[in-house]
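The annotation UTP binding site is assigned in TrEMBL to K113, Q176, G206, D237, K381. What TrEMBL records for H207 is substrate binding site.
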Amino acid sequence: MPSSEEWKTSTKSEALSIMEGELASLLNTSPDAKLDHYKMELSGFRNLFARFLRAKPTVDWSKIEPLPEGAIRPYKSLGTVSAKDIIAAQLRKLVVVKLNGGLGTSMGCKGPKSVISVRNDLTFLDLTMQQIQTLNKTYGVDVPLVLMNSFNTNEDTSKVLKKYSNVKVSVHTFSQSQYPRINRETLLPIVKSLDGDDNECWYPPGHGNFYEAFHNSGLLDKFIADGKEYCFLSNIDNMGATVDLSILNFVLNPQAEQEAPEFLMEVTDKTRADVKGGTLIQYEGRLMLLEIAQVPKDYVDEFKSISKFRIFNTNNLWAKLSAMKRVVTENKLEMEVIVNPKHLDRGLDVIQLETAAGAAIKSFRGAVGVNVPRSRFLPVKKTSDLLLLMSNLYDIDNGSLTLSHQRSFPTTPLVKLGSSFDKVKDYLGRFNGIPDLLELDHLTVSGDVWFGKDVSLKGTVIIIANHGDRIDIPPGSILENKIVSGNLRILEH
């Protein structure tokens, strides 16, 4: 009788063999014009599927080692450069990449998330363009902007980009891979033919696909030939992810007796709002990104502990282009596979195999983390994030948002808006003007609540409309440390 491990190995081997047969059959259905494209895509998918079969679902908790000294550097230790000609020379070696594959559906918007208005009717893409154009004008350079789209956002983004024809930014786009969704029971693709347009059968495999897709697009080789050395990669919805000249100087001009890191991850201090964020650990002799999905159940609370794992990944990443080419062409990328289960409208349960860009850290030499200020992590995932950025908490200057100097302490308020605010259209309709949040610590709103103009919120404010009730906050109201429930207002001290 075979042991359970032998049985698992043989069934996995069989699953890979069956998948390879299925992919070969699928290629026979491809239109001739797209055959080379699908060969490359399905080859990448096959390798990801093989890694999924090989991988252990969680880490061995006992093998986690303390981070070696210098693995995470304080941002203040990096030093600065002030000479304009040196900064310009360094910027000429940089490529800025924004991850632009996401849709705005979770916030009730159609099309790419990057076209949602953030401030003064300016979208994420507008603000990004302004930032790069300002950098280029200030230093007399031409830092290119690259957008990694998905098949969900590619067409709409191409249309939107036409309005920037007068903007002094060189924009390049490419699409990340398009992989087939897998039936959860059979572990086979649900797509039956490549000669169709059933998008529900396909998915973009996470931002870890960036390295291969960037290489396959030809842009990686182009930028290396142009003399570029590093790329700065970040989510387009992170309004804090601007080009940082201190980090750029650090990767291009390392301090004495140090080699330039091939990979740098910006991390920041964890708060109670970030307990699920991935963290850096030392594992099997290498720096590794540990995501909550890889943590054994018995250790999840320990993983969430702010005292043990004090930092998390902002997904602001810097990578050396020549090193990226090496790890891709030598097939050295070892990123943990994330299994994302989905239930489709047609009633089918599927899984998507994905990877995260930060997980590539262990494939690069001399990788390092830098503990950056929280201001470099301003993601917009919900309308509560949008409320902060639209308010007077942030000043806007040439596309960059910074915390107002009028706020007396450097932390941002904790805001929780109820489900009636989930969609951008509903959220905007419920605020007849964005409140003054300069002195706010905590806001919780639940139920059918509407805000008049010129409202000011200070300290801790909790507004709860019970089922069937409606609460209107009158124009000009100042709510300071108050609980508002129904028609009751209880002053909190």
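Using the three backbone atoms N, Cα and C, a Cβ is placed for every residue, glycine included.
Comparing Cβ neighbour counts within 10 Å across the binding-site residues K113, H207, K381, the minimum falls on K381. Of all residue pairs in the UTP-binding list (K113, Q176, G206, D237, K381), the one with the greatest Cα separation is 21 Å apart.
For Q176 (UTP binding site), the Cβ neighbour count at a 10 Å cut-off comes to 26, with all displayed protein chains included. Using a 10 Å Cβ-Cβ cutoff, D237 (UTP binding site) registers 23 neighbours. Using the residue listed as 'substrate binding site' as the reference Cα, a 10 A cut-off selects Q176 from the binding-site residues Q176, D237, K381. Non-local neighbourhood of G206 (UTP binding site): I338, N340, E354, T355, A356, A357, each in the same chain, at least six residues away, with C-beta under 8 Å from its C-beta.
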